[in-house]
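Visitor: This is the structure I want to talk about, given as structure tokens.
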Amino acid sequence: MVERIWWGTRAYCLIVGMWVRATLTYRTSFLMMAVGNLVTTLLDFAAIAIMFMHVDELGGFSLAEVAFLYGTSCTAFGLADLLLGSLSSIGSRVRDGTVDTLLVRPVPVLVQAAADRFALRRIGRMLQGLLLLGWALSGLDIDWTPVNVLLVPVMLLSGAAIFAAVYVLGGAFQFWAQDAAEVQSAFTYGGTTLLQYPPTIFAEDLLRGVTFVVPLAFVNWLPALRVLGRDDPLGLPGWVDFASPAVAVACCAVAGLAWRAGLRGYQSTGS
Amino acid sequence: MRHLPLYFAVLGSSFRRYSTYRLATAAGVFTNTVFGFIVAYTYIALWSQRPELGGYDQAQALTFVWLGQALLAATALMGGGAQEELEARIRTGDVAVDLYRPVDLQAWWLAADLGRAAFQLLGRGIVPMLVGAFAFQLALPTAPLTWAVFAVSVLLAVVVGYALRYLLALTTFWLMDAAGLSTVGVLLSIFFSGMLLPLTVFPGTFGEVVRQLPWAAMLQVPADVLLEERAGAGSLARALGFQAGWALVLLAAGRALQSVATRKVVVQGG
């Protein structure tokens, strides 16, 4: 088991390294795109900043607090998107039957599909998240107890793992529904957009849905509310703020099983 | 325009082609609806504090949200459509065959893109709009004239969107991989069309400038027509004129870039 994970990670790094080298062949083009991407992803936050030119707070949260939510959500999602974003195009491989090629290679299919056409430019989203997180932290007056200090990196990593599980689940779903890749966007891009805003502005049913059904609230909302010293609108017991790593592990386990089931159900495209 | 029937045939088959992607359409409708809900709640939080922000009341602001989701696929604000296919053909060199054909490249892809947009307007526009109207109080007009002008405005929005994406697709002749530039294009059109926030909310001179850019023609202007913010013959004519103006300028730019590309660039594999 450990050996298999080690081999999978090594293979992932090798394939990613190959694509990075390929990207860097056109160095100027890549640099232009990376800078362009970083600047234009900042436009996304600019819209929120414009909102705050008209109001002092949104759902009771200040701009710095929203920036904290935005930064944590965007960093966690950005990391998952950078590492596994290519999984969203597995559907087209299922459609044209090229999953066959992946099956005959001595590397786990998940690793190959995730590393396929690795796009280094996707790093822009994560950088933007980190940038805003840094800005938010410098502007916020947070009580830096050891627990809070630890909670921030734990939140980012478990958040990335939860989004990674969503990507793998979405990939597994595409083995059955090849054309339905866009459903995934509702949970990935939709999820990160949702988590950028304070939970107080959304309807309670929606909050319950993203806490108990698709546990996106554990990406940043619940731990972030603790760091910001705020109550969560659903009034859940305090320990759930620390449950993100456990939720992330559970999500990854479910996603892993779904992926196996999906792959086992794969039928090629005939002759 | 001696090939007019041909272009209509292309338009029709493109419509039929997209109508066969049933699962993809359903998936898109689902995603548009989810996004509609998320954005609607943020707008309610904003407009409940600042009623009349950007000249809209809350019902109008919510209509703006759901209209944006309904038009997202048709105007291809997220890219795709003719752009993706043309890029692939330039990358592989297949475009050489297209250039041999006795039809106009830009008009051919425009016809295909209009067919796609027509299907996606119906297939991906109506359901999110209905869901929005059931879940929230919207401000939809009752005057048939408004809807008629709105239809023309949406058509022009699609053409402006196509003209912009055609320009982006042509950069593949030089870049070989236009994926990065496409991403930048998508982010720009999402922000400057009013998809994230109506352009009337943008402050001061920045707002003035943003409202004159071509992206405004893709969502802000059709929305203002539907919300009857543009009322009266003069104001409506100016709205449509603004869109038509940008459509012509950008299509002309596309032709210019195309002639440079086909004269100077060696096609892949050729």
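Note: Cβ is positioned from N, Cα and C throughout, glycine not excepted.
Below are the features I grabbed from TrEMBL:
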type: TRANSMEM; residues: B:21-44; note: transmembrane segment
type: TRANSMEM; residues: B:64-82; note: transmembrane segment
type: TRANSMEM; residues: B:121-140; note: transmembrane segment
type: TRANSMEM; residues: B:146-168; note: transmembrane segment
type: TRANSMEM; residues: B:180-202; note: transmembrane segment
Visitor: Against which stretches of its own chain does the transmembrane segment (B:180-202) lie, if we need a Cβ under 8 Å and a gap of at least six residues from its ends?
Guide: 53-56, 61, 64, 68, 72, 75, 77-79, 83, 87, 161, 164-165, 168, 171, 210-211, 213, 215-216, 218-220, 223
Visitor: By Cβ distance under 8 Å, which residues at least 6 away from the ends of the transmembrane segment (B:121-140) in the same chain are close to it?
Guide: 18-19, 25, 28-29, 32-33, 36-37, 40, 57-60, 62-63, 65-67, 69-74, 154, 226-227
Visitor: Grab the same-chain neighbours of the transmembrane segment (B:146-168) for me: Cβ-Cβ under 8 Å, and only residues 6 or more beyond its ends, written as numbers and ranges.
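Guide: That would be 71, 74-77, 79, 81-83, 86, 106, 109-110, 113-114, 117, 121, 178, 181-182, 185, 189, 214-215, 217-219, 221-222, 225-226, 228, 236, 239-240, 243-244, 246-247, 250-251, 253-254, 257.
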Visitor: Using a Cβ cut-off of under 8 Å, list the residues of the same chain at least 6 residues beyond the transmembrane segment (B:21-44) that approach it.
Guide: 58, 61-62, 64-66, 68-70, 72-73, 120, 123-124, 127-128, 131-132, 135-136
